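Undergrad: This is the structure I want to talk about, given as structure tokens.
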Amino acid sequence: MLSIHPLKPEALHLPLGTSEFLGCQRRHTLPASEFRCLTPEDATSAFEIEREAFISVSGTCPLHLDEIRHFLTLCPELSLGWFEEGCLVAFIIGSLWDKERLTQESLTLHRPGGRTAHLHVLAVHRTFRQQGKGSVLLWRYLHHLGSQPAVRRAVLMCENALVPFYEKFGFQAMGPCAITMGSLTFTELQCSLRCHTFLRRNSGC
């Protein structure tokens, strides 16, 4: 996590007219770039990014607002957000699953005893797209999962056009997903977290 810890300011006696400057200084004490797990308080910001990213393309969202709050309450450690100066710009939300393949139930359930992390959604704010942020976030997220001993693999479903993107991170196609949304069909992919655990242990991160 990249963060800045500002020193406690001393009492200063400054001339009038400096309030705007001080306000600017205070804003600059926020971390320029920070990665952290999300909290239920981040749910609205996450949903706004998700809705804009998915509605125009597929007409539906992977997670509704109440479902985002649900997962961020039950398993915040399976999420990761990228913040720029305190504002959420990209995120991933996951939960645990305890079966080999995804089912309709896996869209809304968190199975605490599961060994599989189900990635429900990866979304990037429109202002920050086409900058590689989704790739950076996914790489960090997989390393984050690799640091959790109970999690053995990650699974997700995506449209066929996105399969090559996820294959670059070690995901392998398992075939058609049993889940459909209207006329949309998906490919199910899985990724062993062993390599990400090894890379994390040997990267000094």
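Glycine too: its Cβ is placed from the backbone N, Cα and C atoms.
As annotated in Swiss-Prot:
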type	residues	note
MOD_RES	THR29	phosphothreonine
DOMAIN	33-194	domain 'N-acetyltransferase'
SITE	HIS118	site 'Important for the catalytic mechanism'
SITE	HIS120	site 'Important for the catalytic mechanism'
SITE	LEU122	site 'Important for the catalytic mechanism'
BINDING	LEU122, MET157	substrate binding site
BINDING	LEU122, ALA123, VAL124, GLN130, GLN131, GLY132, LYS133, GLY134, SER135, TYR166, GLU167, LYS168	acetyl-CoA binding site
MOD_RES	SER203	phosphoserine
Undergrad: Helix, strand or coil by DSSP: which one applies to HIS120 (site 'Important for the catalytic mechanism')?
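TA: DSSP assigns HIS120 (site 'Important for the catalytic mechanism') to strand.
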Undergrad: Where's the emptiest Cβ shell within 10 Å among the recorded positions LEU122, VAL124, MET157?
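TA: Per-residue Cβ counts within 10 Å for the recorded positions LEU122, VAL124, MET157 bottom out at VAL124.
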Undergrad: Within 10 Å of HIS118 (site 'Important for the catalytic mechanism'), Cα to Cα, which of the binding-site residues VAL124, GLN131, LYS133, SER135, MET157 are there?
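TA: Those near HIS118 (site 'Important for the catalytic mechanism') - Cα within 10 Å - are MET157, in sequence order.
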Undergrad: Near the Cβ of LYS133 (acetyl-CoA binding site), how many other Cβ atoms are there if near means within 10 Å?
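TA: If we count other Cβ atoms within 10 Å of LYS133 (acetyl-CoA binding site), we arrive at 16.
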Undergrad: Checking the recorded positions HIS120, VAL124, GLN131, SER135, GLU167, which are within 10 Å of MET157 (substrate binding site) at the Cα level?
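TA: Of HIS120, VAL124, GLN131, SER135, GLU167, within range: HIS120.
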Undergrad: List the same-chain residues at least 6 positions away in sequence whose Cβ sits under 8 Å from the Cβ of SER135 (acetyl-CoA binding site), in sequence order, or say none.
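TA: Listed in sequence order, they are LYS168, PHE169.
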Undergrad: Suppose we draw a 10 Å sphere around the Cβ of GLN131 (acetyl-CoA binding site). How many other Cβ atoms does it contain, all chains included?
TA: 12
Undergrad: For GLU167 (acetyl-CoA binding site), which residues in the same chain are close in space, meaning a Cβ under 8 Å from its Cβ, but six or more apart along the sequence?
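TA: GLU167 (acetyl-CoA binding site) has long-range Cβ partners ALA173, LEU189.
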